Amino acid sequence: MAGADSDDSLYPIAVLIDELRNEDVQLRLNSIKKLSTIALALGVERTRTELLPFLTDTIYDEDEVLLALAEQLGNFTMLVGGPEYVHCLLPPLESLATVEETVVRDKAVESLRKISHEHSPVDLEVHFEPLVKRLASGDWFTSRTSACGLFSVCYPRVSSTVKAEIRQHFRTLCSDDTPMVRRAAASKLGEFAKVLELEYVKSDIISLFTALASDEQDSVRLLAVEAGVSIATLLPQEDLEALVMPTLRQAAEDKSWRVRYMVADKFSDLQKAVGPEITKNDLVPAFQNLLKDCEAEVRAAAANKVKEFCENLPEDSRETIIMTHILPCVKELVSDTNQHVKSALASVIMGLSTILGKDNTIEHLLPLFLAQLKDECPEVRLNIISNLDCVNEVIGIRQLSQSLLPAIVELAEDAKWRVRLAIIEYMPLLAGQLGVEFFDEKLNSLCMAWLVDHVYAIREAATCNLMKLVEKFGAEWAQNTIVPKVLGMANDPNYLHRMTTLFCINALSEVCGQEITTKHMLPVVFKMSNDQVANVRFNVAKSLQKIGPVLDSKYVFIHI
């Protein structure tokens, strides 16, 4: 009997080995995903002595299997006996951290970082830190790139002698012959700097940052920019000018647009890190240059940061800096040749009105909004309409209606039907921004006029628009404002307009509810069933089918 029990306890590992050696990748993958169940069945001791050695020896599989294994091992601490035995997970993860496929290595590093926190300081020095050293001095670049992500997690909890060794290893990797390793080191430089003592940030990290920021590979230099922002947050104000700013100035004018793009993308973080004085003296001219950059991607990234940059300027000189230095560049970008630049600007430009106040908005910003509202690119127009509420708060609805509304009306009546169609699509959004009273006064008549447009696509879009408006303003508003006008079209001499009435009833019945549909709409549908045009009568039948579910079932049975 004891022999049978022993055989049973071996069964899970036997199944795992069989499945892991199966030719079918999916079976191997399923087996790896069940590892925790198998480990539970084996118990902690056999997991340590049998399962982990087996896994370490079989790391030669398909990438998706290895990826699943790397992820599973990060959650294995309790399955090997808790933090006391967590070091048993290091051998398989070390092997995974050296494979060729990047996503597998990254997942193995993620799991190693996770379990590093579960090591005691002694285990960290005895087991984890030697692993980091082995990876850092590996022959293949794959292991050296993985090592870059592990320095920061073990550094804070080891002795000063080991700390010195870790710093030395990181220095070596920053000047590695392989660009991929330098790239990995540059991407982790900021993170590593955060766990170092300030003296070593100044003595070691700054020189590494300067070297990486002038690397021959632009992919390394652009990662150094991000590190520079992190380092700037760690240094006292008086050291920033001398230690970090020269390198960052150089990055903002780098010959590679990718590096300049990264500077533009991280500009707000940089601004917060360096403080108001350096912002005024250094960052304002740099930002102007980025807004005028010869590459559209850089201009778009900088345009995206305009509002945030202006918000974070020192209050005492904010308005002056914006009016003198930033606004002239913004005016040029409004008519940029690249639609992505104009779209990026349109998504933030409205936010400037709250910073500059009513008078400046009316005088300087409104003409820009108008220009963008008439832009040929739909995304630019949408971004302006989406943010009208910002301007409304500053200049008030009256001023807004006098300046921007004529432009919206002009577009709504444009000779090109596609332009009219674009404005219809924005109408529910616009209505929500401006409120029901303003909508009824200024825009309601436009929405009704679209229902009798000579282009079918416009009439169809106008029908959907009405439904969205009712969803926004409610059924009571629809009953008082929209429904009477729609039902009035049922007597229109043009049969196309009578059909539009039916299409509107189809759409509105759903949002208006049973009472309004039964009381107001259904009698009109019944009346139209005697229409002299066959197509209208046919659409009456379709309408009855469509609105049937909204009506009371008894009513349907008796009348329809």
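Cβ atoms here come from the backbone N, Cα and C positions, even for glycine.
Annotated repeat 'HEAT' per TrEMBL: 12-50, 166-204, 205-243, 244-282, 283-320, 326-364, 365-403, 404-442, 482-520, 521-556, in sequence order. The annotation domain 'Phosphatase 2A Regulatory Subunit A helical' is assigned in TrEMBL to 89-270.
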**Asked** Per-residue pLDDT averaged over the repeat 'HEAT' (521-556) comes to what?
**Response** 79
**Message:** Using Cβ atoms and a strict cutoff of less than 8 Å, what residues sit near the repeat 'HEAT' (244-282) while being 6 or more residues removed from its termini?
**Reply:** 206, 209-210, 213-214, 218-219, 221-226, 228-229, 231-233, 235, 237, 289-290, 293-295, 297-298, 301-302, 304-305, 308-309, 312-314, 317, 321
**Asked** With DSSP, how much of the repeat 'HEAT' (244-282) is helix, how much strand and how much coil, in residues?
**Response** 32 helix, 0 strand, 7 coil
**Complete:** Other same-chain positions with a Cβ less than 8 Å from the repeat 'HEAT' (521-556) and lying at least 6 residues past its termini are 483, 487, 490, 495, 498-499, 501-503, 505-506, 508-510, 512-514
